[in-house]
Amino acid sequence: MKNLVIFAFLFLSITTVINGGITSKFVRQALPSIEMSLDTFPSPGGYNTPEQVHLTQGDHDGRGMIVSWVTPLNLAGSNVVTYWIATNGSDVKPAKKRAHASTKSYRFYDYSSGFLHHATIKGLEYDTKYIYEVGTDKSVRQFSFTTPPKIGPDVPYTFGIIGDLGQTYASNETLYHYMSNPKGQAVLFAGDLSYADDHPNHDQRKWDTWGRFMEPCAAYQPFIFAAGNHEIDFVPNIGEPHAFKPYTHRYPNAYKASQSTSPLWYSVRRASAHIIVLSSYSAYGKYTPQYIWLEQELKNVNREETPWLIVIVHSPWYNSNNYHYMEGESMRVMFESWLVNSKVDLVLSGHVHAYERSERISNIKYNITNGLSSPVKDPNAPIYITIGDGGNIEGIANSFVDPQPSYSAYREASFGHAVLEIMNRTHAQYTWHRNQDNEPVAADSIMLHNRHFFPVEEIVSSNIRA
């Protein structure tokens, strides 16, 4: 009994519980988010050596992979990826195949990019490790990836969740903290990648350094990206009037496979998850292309095959931080009822440089006569995760609204990442890991219950540590 009292005292001393929610009193040490210098991740040595190698899903169902890389010169053979099934020490000689990349480059103000190669590999076997090589002659570089299991309702799969990463020393902690978890198989990235636009004239060299920084992870497992505000790069005053130019040149996706008309909104299916990516910074009003696409996309979801329905959108619809408070409100008003009616499990956002998890709530009952304008608990609603805590140069958003709203279940002003471990059609373990802890430590965790197959209330476990 004495130990129980001591535990309760310690727990309450480092948390604040308001209206059922928890505000962690853990605040990241008040140090600036110092950006790594341009030479922290130099180009690899050798002649025309590929760099900034990264992966994303290359089709709708996980049998395709887009392999991307950059070379200084566009020489013969530099646009080819060679790949084969890993034989794990077997004497059987693997059958090697080749895929040719589309190659492009771009100019931005006074910057000229290298040659950006994007090769789509199709017809891969499910749940199989592949070796792949890019480059020619003595500049060949070798990597590997593993395809997801075949689509199915009880297929286990583990996603990392990262947002607003940037390229500071804190960003480095976040990425390598995630990489130390051997379970991670693919990353859901909630927008704001390089933060090149935080530098004079949107210094495009920062896109190159970010690509090199990410390569140890992104060359081995695919990233499913949403675009954030730091990807807009709309600067007409320096002659750059085309939004998302660097982002779309460097980070393509298979948007046409989901009948989208834009790479800024699309969907993929992976294992037992159906993932929908939306754009906070593209038109979404009635009858716009994104609106029309999402309306049809939600009808296309087959929960019998992919029970876990996840939406990624950069600007959060529910956020109790003073930073960017209610910026996502107009998009929420437009689409929230669709997500509730479709029983979306999880909505992932960034933008706010802190961590927050909501209750299952909705605010869709309002009409001009009833005045119902506050969020209420709703078992059909998604849980909203704000994961803009990757570590970028702009630092932590440590000013939460007080008192904590009832819709906010847990919030904390520190850097970190999350992991979603799907177990089967009914259960998935969600954990959030702050950078200051060892990887196995989960500062916030919840066993999610699938809204389609097991729509019962979840039990929360938050382990708050000073």
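Placed from the backbone N, Cα and C atoms, the Cβ positions cover glycine too.
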Swiss-Prot has His351, Val352, His353 down as binding substrate; which of Asn229, Asn237, Asn253, Asn450 does it also list for that site?
Asn229
From the candidates Asp154, Asp164, Asp233, give the one listed by Swiss-Prot for the same Fe cation site as Asp192, Tyr195, His353.
Asp164
For the Zn(2+) site, Swiss-Prot lists Asp192, Asn229, His351; sort out which one of His177, His249, His274, His314 goes with them.
His314
Please list, in sequence order, the residues in the chain of Tyr195 (Fe cation binding site) that are at least six apart in sequence and whose C-beta is under 8 Å away from its C-beta.
Glu35, Gly166, Gln167, Lys206, Trp210, His230, Asn392, Ile393, Glu394
Please report how many Å separate the Cα atom of Asn229 (Zn(2+) binding site) from that of Asn424 (N-linked glycosylation site), as a whole number.
34
For Asn424 (N-linked glycosylation site), which DSSP three-state class applies?
coil
The record names Asn229, His351, Val352, His353 as the residues that bind substrate; what is their largest Cα to Cα distance in Å?
13
Fewest other C-beta atoms within 10 angstroms of its own C-beta: which of the binding-site residues Asp164, Asp192 fits that?
Asp192
What other residues of the same chain, not counting Asp164, Asp192, Tyr195, His353, have a CB atom within 8 A of the CB centroid of the Fe cation site?
Gly163, Leu165, Gly166, Gly228, His230, Gly350, His351, Gly388, Gly390, Asn392, Ile393, Glu394
Rounded to the nearest angstrom, how far is the Cα of Val352 (substrate binding site) from the Cα of Asp164 (Fe cation binding site)?
8
